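For 1-29, the entry in Swiss-Prot reads signal peptide, with the evidence type similarity to another entry. What Swiss-Prot lists as topological domain 'Extracellular' is 30-212. Per Swiss-Prot, repeat 'TNFR-Cys 1' is recorded for 43-82. The feature disulfide bond is assigned by Swiss-Prot to Cys44-Cys58, Cys59-Cys72, Cys62-Cys81, Cys84-Cys99, Cys102-Cys117, Cys105-Cys125, Cys127-Cys143, Cys146-Cys158, Cys149-Cys166, Cys168-Cys179, Cys182-Cys195, Cys185-Cys191, with sequence analysis given as support. Annotation comment: Swiss-Prot describes Asn54, Asn151, Asn202 as N-linked glycosylation site, evidence class sequence analysis. Annotated repeat 'TNFR-Cys 2' per Swiss-Prot: 83-125, in sequence order. For 126-166, the entry in Swiss-Prot reads repeat 'TNFR-Cys 3'. Annotation comment: Swiss-Prot describes 167-196 as repeat 'TNFR-Cys 4'. Look at Swiss-Prot and you will find 213-235 tagged as transmembrane segment. The topological domain 'Cytoplasmic' feature in Swiss-Prot is assigned to 236-454; the stated evidence is sequence analysis. The annotation region 'N-SMase activation domain (NSD)' is assigned in Swiss-Prot to 339-349. Among the features that Swiss-Prot reports, domain 'Death' is placed at 356-441, with the record citing sequence analysis.
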Amino acid sequence: MGLPTVPGLLLSLVLLALLMGIHPSGVTGLVPSLGDREKRDSLCPQGKYVHSKNNSICCTKCHKGTYLVSDCPSPGRDTVCRECEKGTFTASQNYLRQCLSCKTCRKEMSQVEISPCQADKDTVCGCKENQFQRYLSETHFQCVDCSPCFNGTVTIPCKETQNTVCNCHAGFFLRESECVPCSHCKKNEECMKLCLPPPLANVTNPQDSGTAVLLPLVILLGLCLLSFIFISLMCRYPRWRPEVYSIICRDPVPVKEEKAGKPLTPAPSPAFSPTSGFNPTLGFSTPGFSSPVSSTPISPIFGPSNWHFMPPVSEVVPTQGADPLLYESLCSVPAPTSVQKWEDSAHPQRPDNADLAILYAVVDGVPPARWKEFMRFMGLSEHEIERLEMQNGRCLREAQYSMLEAWRRRTPRHEDTLEVVGLVLSKMNLAGCLENILEALRNPAPSSTTRLPR
């Protein structure tokens, strides 16, 4: 048995075979392609197009702002173009038969006109300040106010086509670029993840670990700061705690503090007796400067037969020269005294009172304006100068004597006082002061009253 035949089926198959055998160019010729126009333009160089009726002719395109009226009649001839009328435009070279209509900014979309339509460009529409463009389609947009980020902070500011990006504070969540209170959050919404507080353990542990690290550091820094302030005050004001001062500052206790328990008037030294030639409590004036150290002769009163002119340091008794209470009357009420001198036969060696007279003569011989400079040359530190000044703030003369006495205690015993003083005064261009000092030691001028301190 053969296959059943359907009337007309054979004829349809034959026609289909004939169509498949036809060349593809013939098929495409039946349906014009969308890119025909571009293919035709590609046959001509840039800036020209194919004549609409003669494919062998390439005509020049019309400039922007114009449109095509008629093609060029022949190669090398100009195309006939005409300028666009008001309300129309062409934004590039073209061979359009008519210009494009200008668009209008839509007020219902809150659009504003940025620049008007011209023959060579379309109208430019935009938004007002603090607005952005929300596109409803590829060409249509609506102007929307930028979010002010209330109850939050601005992460990314508002741009031309993008709203503000906000970071909401605690207790708020982000909904359509606005921070909304968590009280408006309903169950089974995405905001529940943002509004629910984190687990208690996650919050507590970091705080505990941070506190455990920071608290000891804060306590340690506080103790260091208090210790520094305490040491600074003790070194600055040593009268407060003399024992602590001597331990911390590694400096001997100030002389006044050491001798505070002694009587106001110390007993006279066995090597010293009142005479009419010398009084250690008196100051000696220094009228001027004249000669160096070596050129000044020594008076017989202070010669080697009477006392050691420059005794060793170990023979100096600090209590005789350093205690400012002995000379407190010089800073308060003038008291008449008699002139004293040495006795040769009873006491052959009197180094303590001799140094006392020399130191007071130096105090009176150096100008007060250059006293600190003098003591720096003698080797006293700035700290010690200030300390002795504060201890003897009531009397400048006693402060100067305390500085000299402190220097004398630390001077090697083989160095004598006047020789060192003379060298220092020479460096300071005050060598003449030594002559005045020696003159005061040779001839102490008797007076009825003690000279007031400077």
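The backbone N, Cα and C atoms fix where each Cβ goes, and this holds for glycine too.
Not measured: the values here are computed from a predicted model.
Put simply, Cys59 (disulfide bond) is 27 Å from Cys102 (disulfide bond) when counted between their Cα atoms.
If you take the CA of Cys149 (disulfide bond) and look 10 A around it, the disulfide-bonded residues you hit from Cys44, Cys168, Cys179, Cys195 are Cys168, Cys179. Straight-line distance linking the Cα atoms of Cys158 (disulfide bond) and Cys99 (disulfide bond), rounded to a whole number, equals 37 Å.
If you take the Cα of Cys168 (disulfide bond) and the Cα of Asn54 (N-linked glycosylation site), they are about 69 angstrom apart, rounded to a whole number. Put simply, Cys44 (disulfide bond) is 9 Å from Cys59 (disulfide bond) when counted between their Cα atoms.
Comparing C-alpha positions, Cys72 (disulfide bond) sits nearest to Cys84 among the disulfide-bonded residues Cys84, Cys117, Cys179, Cys182. Across the fold, the C-alpha of Cys191 (disulfide bond) and the C-alpha of Cys182 (disulfide bond) stand 8 Å from each other.
Comparing C-alpha positions, Cys143 (disulfide bond) sits nearest to Asn151 among the recorded positions Cys62, Cys84, Asn151, Cys195.
Taking the disulfide-bonded residues Cys58, Cys166 in turn and counting surrounding C-beta atoms within 10 angstroms, the largest count is reached at Cys166.
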